[in-house]
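Pulled from Swiss-Prot, these are the features on record:
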| type | residues | note |
| --- | --- | --- |
| ACT_SITE | Glu270 | active site, proton donor/acceptor |
| BINDING | His269, His273, Glu299 | Co(2+) binding site |
| MOTIF | 350-355 | motif 'I/NRXXA/SD' |
| MOTIF | 405-412 | motif 'GXXQDXHW' |
Amino acid sequence: MEEVFQNETIKQILAKYRRIWAIGHAQSVLGWDLEVNMPKEGILERSVAQGELSVLSHELLLHPEFVNLVEKAKGLENLNEYERGIVRVLDRSIRIARAFPPEFIREVSETTSLATKAWEEAKAKDDFSKFEPWLDKIISLAKRAAEYLGYEEEPYDALLDLYEEGLRTRDVEKMFEVLEKKLKPLLDKILEEGKVPREHPLEKEKYEREWMERVNLWILQKFGFPLGTRARLDVSAHPFTTEFGIRDVRITTRYEGYDFRRTILSTVHEFGHALYELQQDERFMFTPIAGGVSLGIHESQSRFWENIIGRSKEFVELIYPVLKENLPFMSNYTPEDVYLYFNIVRPDFIRTEADVVTYNFHILLRFKLERLMVSEEIKAKDLPEMWNDEMERLLGIRPRKYSEGILQDIHWAHGSIGYFPTYTIGTLLSAQLYYHIKKDIPDFEEKVAKAEFDPIKAWLREKIHRWGSIYPPKELLKKAIGEDMDAEYFVRWVKEKYL
């Protein structure tokens, strides 16, 4: 395999970066183990260990020798695209790491730890007042973070860019304008015409964990997931994907004992994330350009498998025999029943319970509030009422308690302001990629029906996966499909699927 890193300065950078990579590798293992294996009381020592490793990594990244090498590389003109990618990713990491003074980092860490505890108590007792003062502190920290990072148009831009490189408030505004104008009337029509149900008896059917474990393993085997050689499937409270490297990617799912589509769609979703990591160019091993380029692009891969494939008629018909074989109650249901059950549409208070059509309105609500938090004089006390008003306007339902409204997500307690829009970016891009993949694979649906997933995986590898983090998200998309993100594709997909 041809060596892609030729430049001597880049080779020096990568030799030093290997230690930073190794610390990240260890942190991934500790993070995965915390969710999957660690006994509850191990949390104190684990958090100290993770904190110390973060400090070590930060020191190595900002070591004068390392920073000087990256600065030197920025001035080089004869670099290839891979080497330019290395410089871009590291320069960005150094810029962000340098932006925050040590005392600010410490303040954020302490505040979010205490805020998370306050949020847990507030949610359990359905008492917003217990979280309110902490949310005011989080808002204040977010404003300060934006000032440290710097921005051209508005403070929220700086926070968006942390999670999705190059994303601006105007981009998010544009995508939500399309969804409000075109998706909202579609949602009303879907609910009115009732082609898909608002509820289904399969939601209440109970299952034994081992039944669904067999189904999930069968699905992953059909997808060609390299279990045992390069991948693992485990169980955690909240499904997630973590990569220790290109040859070690791990996913988790959950088994709740009812509503079996949740475990299937969680597994399929995480497979999409894992595939992105597994299909990277192996020459990127131990370098900063290994790994998905952004949260939004990553989410587009998981949503592609979950929504475009996992909720399709062809996929449901493919898995129906194995469902029937493993779930005794399935003899009462047809493939059409399962398809309708997989595609229920109903407004729900809880974002994580939302269906494909209503989900993005949950994100729109959070985007509007976050933008106000960071840009204007808005206090935490104003948020519950604003939340409820917006929920009623968008989905026609009004939360009756804080836990199904303002207190439902942990993100703000963690200080993650600017994160939510990446979920919608992923959903919109998944539909856009679908219409582009259909141009190259016109019999896409037939391939899914026959479990011929290799051509689909190869297309995703060629267009998205193999590039790792070489290009920023917008540039990667332009190279992959020749256009910018366009919310119209998702509107079209919803229309064709649900009406």
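Yeah, the Cβs are placed from backbone N, Cα and C, and that goes for glycine too.
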Local confidence of the prediction over the motif 'GXXQDXHW' (405-412), expressed as mean pLDDT:
97
Quick one: which residues besides His269, His273, Glu299 have a Cβ within 8 Å of the Co(2+) site's Cβ centroid, in sequence order?
Thr241, Glu270, Gly272, His298, Gln301, Ser302, Arg303, Trp305, Glu306, Gly426
Calculate the distance in Å between the alpha carbons (Cα) of Glu270 (active site, proton donor/acceptor) and Glu299 (Co(2+) binding site), and round it to a whole number.
10
Neighbourhood of Glu299 (Co(2+) binding site) by C-beta distance under 8 A, where only residues 6 or more apart in the same chain count:
Thr422, Tyr423, Ile425, Gly426, Thr427, Leu429
State the count of C-beta atoms found within 10 angstroms of the C-beta of His269 (Co(2+) binding site), not counting that atom itself.
23
